[in-house]
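Undergrad: Sending over a structure as structure tokens; questions will come in a sec.
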Amino acid sequence: MLMRTIGRFFSSAAVYSSMQQNLRIKRVSIEGNIAVGKSTFARLLQNARPDWEVTSEPISKWQNVHHMSQQSSSNLLQMMYQDPKRWSYTFQTFSCMSRLRTHLEPPSARLLQSRGTPVQVYERSVYSDRYIFALNMFELRCINSTEWAVYQDWHSFLVEQFGHQIQLEGIIYLRASPQTCMERLGRRGRTEEQGVRLDYLEKLHTRHENWLVNKSTEVHFEHLEKVPVLVLDVGVEFEKDPSVQAKLLTEVETFFSGL
Ligand SMILES: Nc1ncnc2c1ncn2[C@@H]1O[C@H](COP(=O)(O)OP(=O)(O)OP(=O)(O)O)[C@@H](O)[C@H]1O
Ligand SMILES: Nc1nc(=O)c2ncn([C@H]3C[C@H](O)[C@@H](CO)O3)c2[nH]1
């Protein structure tokens, strides 16, 4: 009896302490246009702060959707680019679910032992899934009104159900001109993106500006309206320039310390 009571106390103390740690964690997403340099910046951040947890966008899952009970898979990213009217809704359900899974993963032990405030960084979020990509596909008529209503219904439900577990404390918006993104996209040469045109990147750029800078995009979650946004100009080359890297990292550290 005594052992059971002690056991119960310790297990609830462990849960409590883990909850406390979770409450201390700052969750931040890196947002920005296609090929602006999010992964590159995320790597830079992870190298500078190995104690933080930086999670990449789950693109390989989208390129390899496993068919249950068959030894095959589909490249949904390619299907979406090749036939957006047919596949955009399917793509957005899958991308959003995979982002949700990423946001819900428990923090690693390394993160919980972080010096200072533990920071969890995600490349994009369930919010850009909706307010950048899905909305854009709806406006391009690649998602129809019924699909859009269905997407918004389950998206709002999930965000409300998971509450603080998927709330962000900050957003880092990497900004460069659509022309710069187009050049970087071309240089990277990802097969699926070969048909991406400048006007698509221009539309996505405007969506980012409206959501994160002008605040003219209607969002449906109170916490999201108040999230602080750090805008970083990454039009400059930073991959091989340590002084630009140091300046960007200082801006990020200052931003995080104020969250
Ligand atoms: N500041 C920079 N200056 C010059 N080239 C850059 C810069 N940042 C990234 N690049 C290059 O641009 C290309 C795209 O970068 P990256 O893959 O990091 O973009 P991304 O934003 O993560 O793309 P996606 O939207 O597809 O996830 C890469 O070839 C990378 O080496
Ligand atoms: N339609 C659509 N919806 C999304 O939520 C989304 N997220 C990312 N992408 C595309 C951009 C890059 O090509 C590639 C990697 O970022 O995947 C998306 N495309």
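Just so it is clear, glycine is given a Cβ too, placed from its N, Cα and C backbone atoms.
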Undergrad: Pick the one from Y81, Y200 that TrEMBL also lists for the substrate site with E57, Q92, R124, D129, E193.
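TA: According to TrEMBL, the candidate sharing the substrate site with E57, Q92, R124, D129, E193 is Y81.
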Undergrad: For E123 (active site, proton acceptor), which residues of its chain lie six or more apart in sequence with Cβ-Cβ distance below 8 Å?
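TA: Spatial neighbours, sequence-distant, of E123 (active site, proton acceptor): S29, I30, K38, S39, A42, V54, T55, S56, E57.
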Undergrad: Among the binding-site residues G32, T40, L185, whose Cα is within 10 A of the Cα of E193 (substrate binding site)?
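TA: Near E193 (substrate binding site) by Cα: L185.
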Undergrad: Restricting the comparison to the binding-site residues Y81, R124, D129, which residue's C-alpha is spatially nearest the C-alpha of R187 (ATP binding site)?
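TA: Going through Y81, R124, D129 one by one, the closest to R187 (ATP binding site) is Y81.
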Undergrad: Near Q92 (substrate binding site), which residues of its chain come within a Cβ-Cβ distance under 8 Å, counting only those 6 or more away in sequence?
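TA: In sequence order, D129, F133, A134, M137, I143, Y151 meet the Cβ cut-off.
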Undergrad: Can you tell me which of these binding-site residues sit near ligand 2, meaning the Cβ is under 6 Å from at least one of its atoms: I34, Y81, D129, E193?
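TA: Checked binding-site residues vs ligand 2; flagged I34, D129, E193.
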